[in-house]
Amino acid sequence: MLILVVGLNHRTAPVEVREKLSFSAKSLQGALAQLKSYPVIEGCAILSTCNRTEIYAATLEMDDGLNAIWDFLSRWSGVGISEIKNFTYSHTLYDTIRHLFRVAAGLDSMILGETQILGQVREAYQRAIEYESTNRVLNTLFQQAITVGKRVRTETGIDRNAVSISYAAVELARQHLGSLDGRSVLVIGAGKMSELTARHLVANGVSSVIVSNRSFERAVALAEQFRGRAVRFDELYRCMEAADIVISCTAASHCVVKAEEVSRVMDKRRGRAIFMVDIAVPRDIEAEVGNLAGVTLFDIDDLKNVIDQNLAERKQAAVKAEEIIEEELDGFMKWLGMQFVVPTISALKKWGDEIKQKELCRALNRLGNISEHDRKVICSMANSIVNQILHVPVAQLKSYALTTEGHLYTEILQNLFNLDVPGQKPKKQPAPAGIKEPVLAKKG
């Protein structure tokens, strides 16, 4: 059994191509059924996110399996096969397994070590199970990938440090304020970055969200997402008097938070400290605000320094993660290799047993009336001869099963002995140039 993947991601294809080759949750059942209908596909699963689409398949024929996946993608999306090949990558067997393990660990993501992808891998597997498109090999592969993803995060901490602007702001707030439970935040601006930062703050315990924006309607829309309160822009200093945290990210071309006004706010706060983060470019908060007593101010450059440091730590963790993946990959390959050779070994032993039984029957019939003792001696000798003849090829095949050449030697053995292995088709090797194919005489 061979495992393949054909995919595209943010590195290989622009968004206008990725969106054509994406699969919604509603379309997944039909897509898996269509892909599974190809005779060469024994099992399949589809991983589709905003940054990647990957088709995983189990097949008996590598080239035919790849062609089936490309044909499926073309028919499903309406994009030509040649164009799809320009934007996709493909891996087989060993490289497929390593690739999925790296994906689940967050090592192949746009943001190194991000956590969302592990849940997406789990979801892809669960949908394949639900829609009955997978098989035993893919089941074990995805289960192991999920285990690898968990192990990497537990043992390396690759996902512990913030590498986005919005989350870095939250991390700094937590470092300076301790627990964020019950804290209040004033968000100045109602754009995407303000929304992301507010969302992270609420997820980390902030209980009160106030949004101030020049467009009051947009402030209301953002505040409603967090059961917060919207205030008009001329009320922001009054609201600042009670806030623990201020996040500012407007599109203004000049500073909207003045040091003189914040100084008055701090007088009214009577020594109670305030934490402020200016995410805007150009800056929203005058730099002099950071010099005021009781004010801790960070700007976008401070956040980027935090992110750079955290990225360096994640890259260091990624080195350990790769070691874990190689260790897990070795274990999975041993399991997979044995799954492939065990049916062949059984077929070989069956082949030997059939010959033994046929020849024993012939010999015993010729010998006629012999004692039970002699019969047992002859049967024991026949068993011993067959077992000794098969011992070396069986032992060698088991040892090759643990290498990348396992499939090759298994196929050679199947061809040499013309073994009928359920679910595996021995490939008929063409005769070398200049040599005629042998003509086998018909029996009888």
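Just so you know, glycine gets a Cβ as well, placed from its N, Cα and C.
Per Swiss-Prot, the features are:
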ACT_SITE  Cys50  active site, nucleophile
BINDING   Thr49, Cys50, Asn51, Arg52, Ser109, Glu114, Thr115, Gln116, Gln120  substrate binding site
BINDING   Gly189, Ala190, Gly191, Lys192, Met193, Ser194  NADP(+) binding site
REGION    425-444  region 'Disordered'
SITE      His99  site 'Important for activity'
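For Ser194 (NADP(+) binding site) paired with Thr49 (substrate binding site), the C-alpha to C-alpha distance reads 24 Å.
Other Cβ atoms within 10 Å of the Cβ of Asn51 (substrate binding site), summed over all protein chains shown, number 21. Each of the binding-site residues Ser109, Thr115, Gln120, Ser194 was scored by the number of other CB atoms within 10 A of its CB, and the lowest score belongs to Thr115. Rounded to a whole value, the Cα-Cα separation of Met193 (NADP(+) binding site) and the residue listed as 'active site, nucleophile' is 19 Å. Each of the recorded positions His99, Lys192 was scored by other CB atoms within 10 A of its CB, and the lowest score goes to Lys192. Sitting within 8 Å of the Cβ centre of Gly189, Ala190, Gly191, Lys192, Met193, Ser194, and not among those site residues for NADP(+), are the Cβ atoms of Val187, Glu195, Leu196, Leu222, Cys249, Thr250. Candidate recorded positions: Thr49, Cys50, His99, Ser109, Gln120. Nearest to Gly189 (NADP(+) binding site) by Cα distance: Cys50. Within the same chain, residues at least six positions away from Gly191 (NADP(+) binding site) with a Cβ under 8 Å of its Cβ are Cys249, Thr250, Ala251. When Cβ atoms from all protein chains are considered, those within 10 Å of Ala190 (NADP(+) binding site) total 25, not counting its own.
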